[in-house]
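To keep things clear, I will list the structure first and then write my remarks on it.
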Amino acid sequence: MIFFTKLKKILDKSFLKELSWYTIGQTTVQIFFALGVIITSRYLGPDNLGLYSFVQNYLSVFMLVAVGMDFYFTWRIAKSEDKIKDLKEYFGHKIYITSSFSILGIILAWSILPSDVALMSTILCAPLFLSSFTAFFQYAIVINKARIIALTQILSSLTLFLMKVFLVNFHAPLLAFVAVSAGDTFFMVTLLALFFLSNPEIRKPFFYASFPSIFSTIKFLYAIRFMVISLALWQLLLRVDQLVLATFSNAYTLGIYSAAVKITEVPNFFAGGIYASLVAHIASTALRKDDHSKNSIRKVMLLYFSSGTVISILTIITAPFIVSLLYGPKFIEVTPILRVYALSIPGMFLVYHYLAIYAVQGKHLQQAFIFSLGIIINIVLIYILTPIFGITGTAFATVISYTFMSGVFYLHMR
């Protein structure tokens, strides 16, 4: 009770209002996501779902650098006196980078992947440059536009869900579902960009601000290289189990495992909501060394951990019902994997917390080292445990990796 009483001091009305809008938006997104999973998974089956998950993970590899930029500019804009100028610079740098990686992803796909998988990868990589509009999403977070974010998320998720319903009803091929999946990377943020640019007070200074040159983008990437490396490793960590599993398993096995991963990723919206709602609070307290600030950061950490633990327990208890509801009898093998994988949720939540703290404190090199250890441990354990316990062992390897990292983060912060 003492903890929750003290916690109220940092969770003021503005935080709760922002969090409620983020929760509404993300809850709606996850509901439509779950409904989309139900109809698409039952329609596609484990084999096609495995291929579908692989090309999505392939795309994510080429978004690693962009994620590093997102974190950097979120905190830069939060502390900026000229937010529109920094927003334009952010957008300019990102459109150069995403366009380059879009081309690289397509070239590599046709060089190393089977032609059918390369075609699916091309469909996903081609519109990657439109993800540059995430600059407006980060801007909206910083200026506390949670309601606008929530409304665009609802509109976007509803539209994409209706498209999936249409595809299922008309017995569309896998390529069509991949094309709709490509919309997930840019549709919502494009709507958000159109909203902000419709406002003359934002549009005029945005277009008048200077557009960065490609040479300044290269210099910028070099300047934030440690942050980019750190966050690229984090994104790799989120998918390394599926990428490694794909090297020695078939599409069916990968589809079963990916189904469990998709379920456990759903609660991340709450961790993301906490993160977005506390950007200003973390920015103002993480650099201070006084006892009050340290206690405030510790309470936020406990908020992440307790939320993740509750969700983990509920997932373990309700796993059979969740699998039956979402996937049907074809995916009954997912249940034990889901129960094991759910143990990683508290660790996932804590990683969100330490991402914010380390971003403010500029400890990117230390963060990269910890993520590297987590990736190495995960890969080694996957090759050791999977042959013994099957893909349940793969899930357990991920649990150990997240638990190890959260412990190292905690000890390093003390």
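Numbering starts at 1 and runs along the chain as displayed.
Yeah, the Cβs are placed from backbone N, Cα and C, and that goes for glycine too.
Here is what TrEMBL records for this protein:
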TRANSMEM  21-45  transmembrane segment
TRANSMEM  57-75  transmembrane segment
TRANSMEM  95-113  transmembrane segment
TRANSMEM  119-141  transmembrane segment
TRANSMEM  148-168  transmembrane segment
TRANSMEM  174-197  transmembrane segment
TRANSMEM  218-237  transmembrane segment
TRANSMEM  300-328  transmembrane segment
TRANSMEM  340-360  transmembrane segment
TRANSMEM  367-385  transmembrane segment
TRANSMEM  391-411  transmembrane segment
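Note: the stretches the transmembrane segment (391-411) and the transmembrane segment (340-360) are in contact (3+ CB pairs below 8 A, sequence gap of 6 or more).
Stretch with the largest number of CB pairs closer than 8 A to the transmembrane segment (148-168), among 21-45, 95-113, 174-197, 218-237: 21-45. Between the transmembrane segment (340-360) and the stretches 119-141, 218-237, 300-328, 367-385, the greatest number of Cβ pairs separated by less than 8 Å involves 300-328. Counting Cβ pairs under 8 Å to the transmembrane segment (218-237), the stretch among 21-45, 95-113, 300-328, 367-385 with the most such contacts is 367-385. Panel annotation: around the transmembrane segment (95-113), residues 58-59, 61-63, 65-66, 69, 121-122, 125-132, 212, 214, 217, 221 of the same chain, lying at least six beyond its termini, place a Cβ under 8 Å from a Cβ of the stretch.
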